[in-house]
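TrEMBL has this to say about the protein:
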| type | residues | note |
| --- | --- | --- |
| REGION | 1-27 | region 'Disordered' |
| COMPBIAS | 1-10 | compositional bias 'Polar residues' |
| DOMAIN | 14-208 | domain 'Poly(A) polymerase nucleotidyltransferase' |
| BINDING | 93, 94, 95, 102, 107, 108, 109, 161, 222, 231, 240, 241 | ATP binding site |
| BINDING | 107, 109, 161 | Mg(2+) 2 binding site |
| BINDING | 107, 109 | Mg(2+) 1 binding site |
| DOMAIN | 213-357 | domain 'Poly(A) polymerase central' |
| TRANSMEM | 229-248 | transmembrane segment |
| DOMAIN | 360-418 | domain 'Poly(A) polymerase RNA-binding' |
| DOMAIN | 423-498 | domain 'Poly(A) polymerase RNA-binding' |
| REGION | 523-543 | region 'Disordered' |
């Protein structure tokens, strides 16, 4: 492997010499100053008082860690000579360590480094319990099964994400340098991942030619990414370290450029980047430790990464393994928009505020899926949404594997549920996914079945929650297909009013009501329109009513629900157990049950009756669906009798 790397040309994997060494012009300085002024209203620059408070909190946390490690040494009967010197230290990484922490954003990524007598189980048990007893600590929760296991909490108002690593050393001194590869010796993979957060951050800072220009550019890029909805590693976009590496690469290519030029070059380079060609800040290196590193020539799984950005510290890894085809397409589209806008700005045809205009996500797509996670108590809700959020990218992957879906775009921001949902389910959080369907090549009607992807996702979440022993009564997931004009049923009041270019036709069509498909684990129904005069769920007494199913026989193999959208049939179906279900039970749950946790919940309805009838044609079982918006008097709008799937 080493010989292969030595024989590679200088441009291998995108590593090239600087593109431009030209000094900045007076115009560059003016544009950069205007950029700074445009960023100030967003609070991206540190407040000295907040900075002092964060520094104080980190000092307290460091002393707290040292105290815990010393107490642990005593409880394990280590000699007094060692107990007095065991040490322990907190290292920071991420945006705080990079020097791009923003005003009002108080979260800090931190690493707890402990000596060899401290086990990971101690960190998640005795240290967790010790934190519980601190008055300053709020919202404490542990995510032990994460790729990088972490304890999350608020310490005196500062959000901390604390990861753990123990070294093969009896003591941890204050002058410990984590950049030395020897500190990785004899460590398990989770400790190595935890250490790499700090090691990667320090290496990025070492590799950029001008820290001041790098930091200002990174602040601007992070602000842009958050405003445009592409800042979220957990959702399949890019996290802070990935954005930092992309900016650092541009700084290497244009070492003398100011921030205004660097931002424009950032969009120029990455809107045209030949993905999945990786982005590297330095060559891949070998080490005597022989740890696995990112290398698609050796590792088959690395060949499937669609947007690799490789960390510079050993062992080099891809920081964007969560990125999917859909999320990459969304980001490339945003890179292209950023290039157009910055070109206009540098030509004097626009100003920097245009770059930071928010994405109009709820007007961007015609079709959406609303994902709802709910729990009865606040503590259960925190654990539940943490797990659900970490798995949403699984749903995105499932949906984009559907042959009829070209884009599944998740909005990283979550939203609270409306008052009626809170009354029913306790604490509620919602996420929205925009969908783009392939255009039909012919006039033939097409069935688009979303059930398998949603069922697989909910199965994954429930299965993992059960394995982690956090699955509690009242925890639910619901996935609802809606059209753009129906979003106001789910979003908080005022959210959609902020949309730009809201179409009058969409507003007028809201009266036609909601026809959506809800899918929760083992549940399927077709919800209809609300009362014509009700614009929000909280104003309608019908929200809590249950849609009823009229089925001619209790034993059926599959429940189908249909709707025509844009000339295409959208089909949601759920497999049913072959046991008989009484009509009373059918009306109570509005579902046919499947395997999974017990269904002890109902779904808010919208005054629609869905009639399903079983037909027998040439010996084959069929189901035909009819949507009736007025139960008293209505003629069927559409009929379709599919054969078995």
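Yeah, the Cβs are placed from backbone N, Cα and C, and that goes for glycine too.
Proximity of residue 93 (ATP binding site) to non-local residues of its own chain (separation of 6 or more, Cβ distance below 8 Å) is seen for 109, 110, 111, 197, 198, 200, 201, 202, given in sequence order. All protein chains included, residue 107 (ATP binding site) registers 16 other Cβ atoms within 10 Å of its own Cβ. Among the record's ATP binders, 93, 94, 95, 102, 107, 108, 109, 161, 222, 231, 240, 241, no two C-alpha atoms are more than 19 Å apart, and one pair sits at exactly that spread. When the binding-site residues 95, 107, 222, 240 are screened for a Cα within 10 A of the Cα of residue 161 (Mg(2+) 2 binding site), the ones that qualify are 107. DSSP places the residues of the domain 'Poly(A) polymerase central' (213-357) in helix, strand and coil in these numbers: 72 helix, 6 strand, 67 coil. Across the domain 'Poly(A) polymerase RNA-binding' (423-498), DSSP helix (H, G, I), strand (E, B) and coil residues number 29 helix, 22 strand, 25 coil. Counted with DSSP, the domain 'Poly(A) polymerase RNA-binding' (360-418) comes out as 27 helix, 17 strand, 15 coil.
In the structure as shown, the Cβ atom of residue 240 (ATP binding site) sits within 10 Å of 21 other Cβ atoms. Neighbour counts of Cβ atoms within 10 Å were compared across the binding-site residues 109, 161; the minimum falls on 161. The local packing around residue 222 (ATP binding site), expressed as other Cβ atoms within 10 Å of its Cβ over all shown chains, amounts to 22.
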